[in-house]
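Undergrad: Attaching a single structure in structure tokens format; questions to follow.
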Amino acid sequence: MEAVIKVISSACKTYCGKTSPSKKEIGAMLSLLQKEGLLMSPSDLYSPGSWDPITAALSQRAMILGKSGELKTWGLVLGALKAAREEQVTSEQAKFWLGLGGGRVSPPGPECIEKPATERRIDKGEEVGETTVQRDAKMAPEETATPKTVGTSCYHCGTAIGCNCATASAPPPPYVGSGLYPSLAGVGEQQGQGGDTPPGAEQSRAEPGHAGQAPGPALTDWARVREELASTGPPVVAMPVVIKTEGPAWTPLEPKLITRLADTVRTKGLRSPITMAEVEALMSSPLLPHDVTNLMRVILGPAPYALWMDAWGVQLQTVIAAATRDPRHPANGQGRGERTNLNRLKGLADGMVGNPQGQAALLRPGELVAITASALQAFREVARLAEPAGPWADIMQGPSESFVDFANRLIKAVEGSDLPPSARAPVIIDCFRQKSQPDIQQLIRTAPSTLTTPGEIIKYVLDRQKTAPLTDQGIAAAMSSAIQPLIMAVVNRERDGQTGSGGRARGLCYTCGSPGHYQAQCPKKRKSGNSRERCQLCNGMGHNAKQCRKRDGNQGQRPGKGLSSGPWPGPEPPAVSLAMTMEHKDRPLVRVILTNTGSHPVKQRSVYITALLDSGADITIISEEDWPTDWPVMEAANPQIHGIGGGIPMRKSRDMIELGVINRDGSLERPLLLFPAVAMVRGSILGRDCLQGLGLRLTNLIGRATVLTVALHLAIPLKWKPDHTPVWIDQWPLPEGKLVALTQLVEKELQLGHIEPSLSCWNTPVFVIRKASGSYRLLHDLRAVNAKLVPFGAVQQGAPVLSALPRGWPLMVLDLKDCFFSIPLAEQDREAFAFTLPSVNNQAPARRFQWKVLPQGMTCSPTICQLVVGQVLEPLRLKHPSLCMLHYMDDLLLAASSHDGLEAAGEEVISTLERAGFTISPDKVQREPGVQYLGYKLGSTYVAPVGLVAEPRIATLWDVQKLVGSLQWLRPALGIPPRLMGPFYEQLRGSDPNEAREWNLDMKMAWREIVRLSTTAALERWDPALPLEGAVARCEQGAIGVLGQGLSTHPRPCLWLFSTQPTKAFTAWLEVLTLLITKLRASAVRTFGKEVDILLLPACFREDLPLPEGILLALKGFAGKIRSSDTPSIFDIARPLHVSLKVRVTDHPVPGPTVFTDASSSTHKGVVVWREGPRWEIKEIADLGASVQQLEARAVAMALLLWPTTPTNVVTDSAFVAKMLLKMGQEGVPSTAAAFILEDALSQRSAMAAVLHVRSHSEVPGFFTEGNDVADSQATFQAYPLREAKDLHTALHIGPRALSKACNISMQQAREVVQTCPHCNSAPALEAGVNPRGLGPLQIWQTDFTLEPRMAPRSWLAVTVDTASSAIVVTQHGRVTSVAVQHHWATAIAVLGRPKAIKTDNGSCFTSKSTREWLARWGIAHTTGIPGNSQGQAMVERANRLLKDRIRVLAEGDGFMKRIPTSKQGELLAKAMYALNHFERGENTKTPIQKHWRPTVLTEGPPVKIRIETGEWEKGWNVLVWGRGYAAVKNRDTDKVIWVPSRKVKPDITQKDEVTKKDEASPLFAGISDWIPWEDEQEGLQGETASNKQERPGEDTLAANES
């Protein structure tokens, strides 16, 4: 980038002169363009294709952010790039057109007239033969050195005027200033015939309105034209001829028009409005292509002409495209004839080349119009490119320059710039706001938002400038002009003896007190000294106003001294007499009389006060000291006045007050009626409402309105999502104490003007929290509103680096008080931030308010705050470019080169912010020494963070996260090395924020060192006079870098940088340092605005020359100095390490032993084999907890450590390990377990290692295949017995299939091992012996609730089934509660009896405390099944289905298709219970009630064996019950009864082998159905499926397994 900056800077100095931008500005612009993705690399700026997108993007950015610095720089750079490019193109095209370059192309001669394609080949640069110009170029030097003087004779034959040669058609190439090109010397002899009229044109020309040939055509006087033009410079001329609309007739133009145009171009330039007007006038009628080209040859130089030809061709292509789309386009002749094409429009078609007569005869009128219009548009573009205008960004309104002149210069520059047309109007308006005088800027800021064009802005400013300026003299002049007609009307009426309401109303006479006349006309001449007389000036007794001798503090003069008082009455009208001195040093004070017009009694009906004329105040304010105490006041709608000493409470007069201004002669001005404000101010103020009543219209105001916080034009509208429908969330109730606090806070915000009453359809809750001080804080829950907003993008990517402040510059820190509450919300967005102030018990309608300012908690508030404050400060940044101003949120830091400059700038910044409506806390203004900003303490030479706590409190993962975040903020300032951050990074592992963490010893030791570092280390402020240096080094657990000055001698660090955490399994140190160098260079440009001057590299790079490729890529474009030296002492705290560039691993075989490695996931072994003579040596390593990749890595590491000092070849079939080992050719940072294993092994070797990868199980014979097979067979060999298989599963919990393959056991054995594991079963099986159902009635019940909508409103049915007899009891309930459960069980006990145990799910109604106490009272055991698994209650679930099906059938039979009436529900439920309990089910011969009350005594069946957990078959058991998939067996010795899966039961026939299969034993069990009591029962329950047979944990091992 540095090289590109140098090239661009040099070009700017060449073509821009004094206005060229600095290298810093160019670098900042290039960085911005790369950051925004507009440039892939800085060198792309040379490509013209990127110029327009860059211009559009920077223009858009300037309009949005109001910052035009980069756009200004780009404008200068673009002008320089275009000038350089045009200069190069011009030199090449000039040679091309004149035949001076490598080509041999020249304008066509007469011999080309009959070859239409010739000129096309000329445009393409083809060689067409030797022409006139080429022959002239071969002249001798003495012939070409002296141009031939242009005379009045024929250029062709030398005869006098009137020869036929004057009409020869030889289109000349005349250029302005052609004497610069020697090859043009003498060309006039060959090209002087350029009258542009073909032979015979005189005879074929027809006059308008006549048919046939004209007998005497009017021709152009060519001799006169040549004489005229010869005196102005061009030696050769082509005369354009106008085509009239009446027909193909040519009307010659006045030669002086061409002469004047050529002279105008030479003197005024192409961009001159005069030039443009003359060209447009000359081309107002359609011209032929021949005439257009010759005209441009006359007025344009060689380079502009070449540019014009290209631009003309582009414009003609546009016409052709339009004509192609529209067959009836005028250029197509309204669809008659062939369509137009480029050859026709350029005059290159057959019969047109060099033949103006043919062009006039063949071209259509529509084509002529298109040709001329395209030529004129191309001329405009060439004028803009050939003579680029000055940069518009430098244009500022001068102190004495009028706004119109400034607007003229600005618009001309912008229109001539390269800005897109759509961006010009916004740029002009933005320049009006920033580049004009302050008073004009203020006028534009107060303009309505509907003014969107430059013309509207200009008209608005001119209209407002018609009034007098706001000065003392301006006020006097304005008031004099306003009152003068009033005085004249009064004088005329007095002279005529008339009175009426049309003039000024007469006040009271100050002599007699009577109305209708004034003191001068009073018939009663009172004597002086009368004690009853009151003075109207001093309010004293005993004298009148003329006799008043009271002196003010104005050197003994009364107010109004110095203003003339004309005679009254008299022949002349009186002059304006005001009670104020119109001087800048005096305050404009007036005497005022206030009269209360109310009807209630008061002590004083009128009072006299002195008030200040303040055109900056919106309203009239009477001081509390001047306001009579018995005059009533009331609360105002806006209870605060802002702008007069801050926020001041205000009240308003309840009665209408008549206000009159007393003139110097004692006369009273026209009284006004108003309701003034009353406030505690130092003096009364007459605002604009009073001044306008006096006839003054003050519109060009300076400063903001006094009753606003921040002008509304600074409000930034919010962006809403497309579905931003109003959100209404009810206000939740608040306790009385918090409600009182909320009411007080709302009233306070209302008085401050932050909120306003609302009727919005939006609502979100508000609440209060108690602060540590005991007071309350108002909070607004805006989460629902934020969800509807489109968040603004970040406008500040991070906090500024404070060490970049110039060393020794004094500092000042400002704090904006309540910044959010000083910025208004856009009016259309306020309703979305409404809230409700509730009342207790709804005693009154709730009061609703909405925010007028930025509310805290809105997602866009911080961004808007930054944008608004930045917009206010932007003019100051432009005005004081040398001032360093840091702005972060509501904190400002100013730095200047001197204390005086800092104080002056600080005062200006404060006044600017206060005028904008912000408040600066005086106690928050910091000056040196001891300045603190953004958590740092700044001195004149250093920047240090504020001290850390002694030892933080760490209890959870979230505490560690917050601590690490704080340390990351301090690392760039303290240089905390990676080794001190390691213990804290270790504690960040985990995903639960509440996971427990402890403050361990490693963290404590690291923290102590960090605290000690914070007391001794600090950043040094940057000295711009010294070179900026950068250094990088490898250290423990990472790499570290620093930007500073004097790093190798007396280190002064300015910024620390660190390598990032590795993202790959292994990262070489060379790559780590490469990334750090790139980061260091980018940080230098971003922070200090410049590239590093000196870069210090580790000493290893000095020994390894040339530099590695990665380092060279990181140094691309670096123009500073590179030094390689030992590690600077500044890195001692990081414990630097040496960087080795030695290659440790290669992929080519090396001389040495060859070893083979392999690992197996089935055996969890890694092996290394190598051949020793005829025998293979083997080493193994086993780890049941390691992955196969780790086993492969450990096997390779074991092979590497066999011969550490001997080159070794390692052959592996693991592509993963082979690729990783090759990447570890140089030292680096591992980040995975496998990488750590390999890095540890490589670090212990001193010899080269080669890693060779082979494919496993390949058929290729040879040594490598043999060795790999040996390693593979050793890794996979294992013979696990059953006990070892169980141990393997206990360690790894692998599945049965993997266990069978790994241990070489059967699938059946593997499943049994897995089923015995309590952790691997989704439904863990309980020990054998827990009965899943009762062997007799009242042993085990199952209870559940089921929903039956037909039984609404009491639609919940509690169902209990006896697991032995299948008897069902059902009760109906409205809700599922503990009371309902207890009522149901009590009913079931009353019907069936008390059970020993009840089994349910784990619902809250079954597990509540009251239910447990109820069961304990009845002595009933209670068990629960799997949470949320209804299939654990198999019998009751089937009973639910049977019950609901029976209810449906009975209801439909009674005609109730949907809901059962409440009156019928009890009867129908009883019917269902009766049908289920008292009738046989299916093929059963007994009913459930019979089974329940008359149970069958179980008899023991044949002897059986059962399979226990060890896999052995145990004898001594007899069958009691045999069901579908399960069996109950009884031990013959202990009488213990247990339930086991049927597949674990087989007959106890000793003569059979123990491996008798199940199908062999089935005939034995086929005949036992006579004594199995459960068989009928199972069929009666409609048959169990495999899923329905699964019971709760603890019931049946079979059920758990089959699930």
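Glycine residues also receive a Cβ, built from the backbone N, Cα and C atoms like all the rest.
Sharing the record's features from Swiss-Prot:
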type	residues	note
BINDING	ASP815, ASP890, ASP891	Mg(2+) 1 binding site
BINDING	ASP1158, GLU1192, ASP1213, ASP1272	Mg(2+) 2 binding site
BINDING	HIS1289, HIS1293, CYS1317, CYS1320	Zn(2+) binding site
BINDING	ASP1344, ASP1401, GLU1437	Mg(2+) 3 binding site
DOMAIN	609-690	domain 'Peptidase A2'
DOMAIN	750-938	domain 'Reverse transcriptase'
DOMAIN	1149-1280	domain 'RNase H type-1'
DOMAIN	1333-1496	domain 'Integrase catalytic'
REGION	217-259	region 'Involved in capsid protein dimerization'
REGION	290-298	region 'Involved in capsid protein dimerization'
REGION	351-362	region 'Involved in capsid protein dimerization'
REGION	1548-1567	region 'Involved in homooctamerization'
MOTIF	172-175	motif 'PPXY motif'
MOTIF	180-184	motif 'LYPX(n)L motif'
Undergrad: Between the binding-site residues ASP1158, ASP1344, where is the Cβ count within 10 Å the lowest?
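TA: Candidates: the binding-site residues ASP1158, ASP1344. Fewest Cβ atoms within 10 Å: ASP1344.
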Undergrad: Give me the count of other Cβ atoms within 10 A of the Cβ belonging to ASP815 (Mg(2+) 1 binding site).
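TA: Around the Cβ of ASP815 (Mg(2+) 1 binding site), 16 other Cβ atoms lie within 10 Å.
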Undergrad: Just name the most isolated of the binding-site residues HIS1289, HIS1293, going by other Cβ atoms within 10 Å of its Cβ.
TA: HIS1293
Undergrad: Under a criterion of Cβ-Cβ distance under 8 Å and sequence separation of at least 6, what residues of the same chain contact GLU1192 (Mg(2+) 2 binding site)?
TA: THR1157, ASP1158, ALA1159, GLY1166, THR1212, SER1214, PHE1216, VAL1217, ALA1234
Undergrad: How many of the residues that make up the region 'Involved in capsid protein dimerization' (351-362) does DSSP mark as helix, as strand and as coil?
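TA: In the region 'Involved in capsid protein dimerization' (351-362), the DSSP-based counts are 7 helix, 0 strand, 5 coil.
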Undergrad: Hey, what's the Cβ neighbour count for ASP1272 (Mg(2+) 2 binding site) at 10 Å?
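TA: Taking all protein chains shown, ASP1272 (Mg(2+) 2 binding site) has 19 Cβ neighbours within 10 Å.
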Undergrad: Treating G and I as helix alongside H, and B as strand alongside E, what does DSSP give for the domain 'Peptidase A2' (609-690) in helix, strand and coil?
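TA: Summed over the domain 'Peptidase A2' (609-690), the classes give 3 helix, 39 strand, 40 coil.
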Undergrad: For the Mg(2+) 2 site given as ASP1158, GLU1192, ASP1213, ASP1272, which other residues of the same chain have their Cβ within 8 Å of the site's Cβ centre?
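TA: Here the non-site neighbours turn out to be PHE1156, THR1157, ALA1159, SER1160, ALA1195, THR1212, SER1214, SER1256, ASN1268, ALA1271, ALA1275.
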Undergrad: Which one of these binding-site residues has the most other Cβ atoms within 10 Å of its own Cβ: ASP890, ASP1401, GLU1437?
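TA: Result for the most crowded candidate: ASP1401.
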Undergrad: Distance check, please: Cα of ASP1401 (Mg(2+) 3 binding site) against Cα of ASP815 (Mg(2+) 1 binding site), rounded to an integer number of angstrom.
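TA: Pair distance, Cα basis, whole Å: 64 Å.
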Undergrad: For the binding-site residues listed here (ASP891, ASP1213), tell me which residue's CB has the most neighbouring CB atoms inside 10 Å.
TA: ASP1213
Undergrad: Cα of GLU1437 (Mg(2+) 3 binding site) to Cα of CYS1317 (Zn(2+) binding site): how many Å, rounded?
TA: 29
Undergrad: Just to confirm: which same-chain residues, 6+ apart in sequence, have a Cβ under 8 Å from the Cβ of CYS1317 (Zn(2+) binding site)?
TA: HIS1289, THR1290, HIS1293
Undergrad: Look up ASP891 (Mg(2+) 1 binding site) in the DSSP assignment and report helix, strand or coil.
TA: strand
Undergrad: Could you measure between ASP891 (Mg(2+) 1 binding site) and ASP1213 (Mg(2+) 2 binding site) for me? Cα positions, answer in whole angstrom.
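TA: If we compare the Cα positions of ASP891 (Mg(2+) 1 binding site) and ASP1213 (Mg(2+) 2 binding site), the gap is 63 Å.
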Undergrad: By the DSSP assignment reduced to helix, strand and coil, which category contains ASP1401 (Mg(2+) 3 binding site)?
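TA: Once the DSSP labels are grouped into three classes, ASP1401 (Mg(2+) 3 binding site) ends up as coil.
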Undergrad: Just the number: how many Å between the Cα atoms of ASP1213 (Mg(2+) 2 binding site) and ASP1344 (Mg(2+) 3 binding site)?
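TA: It is 60 Å, counting Cα to Cα.
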Undergrad: Nearest to ASP1272 (Mg(2+) 2 binding site) by Cα distance: which of the binding-site residues ASP815, ASP890, ASP1344 is it?
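TA: Closest recorded candidate to ASP1272 (Mg(2+) 2 binding site) by Cα: ASP1344.
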Undergrad: Please report the Cα separation of ASP890 (Mg(2+) 1 binding site) and ASP1344 (Mg(2+) 3 binding site) in Å, rounded to an integer.
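TA: On Cα coordinates alone, these residues lie 64 Å apart.
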